[in-house]
Amino acid sequence: MNVEKLKKMKGKEKIVMVTAYDAPSARIAQDAGIDIILVGDSLGNNVLGYENTIPVTMEEMLIHVAAVRRGAPKAFVVADMPFLSYQPSLEKAIENAGRFLKVGANAVKIEGGEEFGEVVQRLVESGIPVMGHIGLTPQFVNRFGGYRVQGKTEKSREYLLRSARELEKRGAFAIVLEMVVEEVAKEITEGISIPTIGIGSGRFCDGQVLVWHDLLGLNPDFAPRFSKRYANLYETILKALQEFKKEVKEGIFPSEEHVFTDKSQGGVSS
């Protein structure tokens, strides 16, 4: 997969993107044939235990982007630019985006609308592919006053439409639409030539993205309305750990087949 192939999928084939934060998850995503792996700054609240994405640092993101690349050497990997990694200056944005490409990312994703058009253009001119992200942008949650659906008012609709056109004009190869009302997401998708990838933005985007932990049911306390659980791995893992605990306590594990003696054959698996 590459940028040009993704752009050609618009209106012809739905694009599938999932987040992944480590090598084993990335390998599974690659083996499943997922089009894009996003190493999201959602790493913060899904893996690192933060309340939101604001505390996530470049150093944390770089470690996880590199891990994902090692786990999925053939995948198209997009790295999220974390809070304050691109906002302070164009120079800072180029430097940090370049660091992501050096550890294996194919592109970066930037949250924000028309006000970040120049940042997108400079990155693209520097040889760094950029995916835009408008609608609900979690890094700006304090400005929005919470996680609220976007595009409900005419002012919001006009801003989103302007932003999508500006990001396209500045060279973005795709745009994530997060929690945008379906009608506006459809209007944006039909009004630009680059793909839109929706999360909580209805049925008419050119693709869809979900967070790894949401679609696999790894967090029993959080289930966004717009997401769908395709598995309940929390319960599966919980039961496995409980069974392991029970067998150890009762002396069932390890059994004869799991131990080495002076007559044992073969090596170890770890």
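Note that Cβ sites are derived from N, Cα and C of the backbone, with glycine treated the same way.
These numbers come from a predicted model, not from an experiment.
Mg(2+) binding, as stated in Swiss-Prot, involves ASP41, GLU111; the candidate among ASP22, ASP31, ASP80 given for that site is ASP80. Secondary structure at ASP41 (3-methyl-2-oxobutanoate binding site), as computed by DSSP, is coil. Every protein chain shown contributes to the tally, and the Cβ of GLU111 (Mg(2+) binding site) ends up with 24 other Cβ atoms within 10 Å. Its Cβ placed at the centre, ASP80 (3-methyl-2-oxobutanoate binding site) has 30 other Cβ atoms within 10 Å. Each of GLY40, SER42, THR53, VAL56, MET81, PRO82, PHE83, LYS109, ILE110, HIS133, PRO138, GLN139 belongs to the same chain as ASP41, ASP80, GLU111, is absent from that list, and has a C-beta within 8 angstroms of the C-beta centroid marking the Mg(2+) site. Around the Cβ of ASP41 (3-methyl-2-oxobutanoate binding site), the same chain contributes THR53, VAL56, MET61, ASP80, MET81, PRO82, PHE83, PRO138, GLN139, each under 8 angstroms and 6 or more positions distant in sequence.
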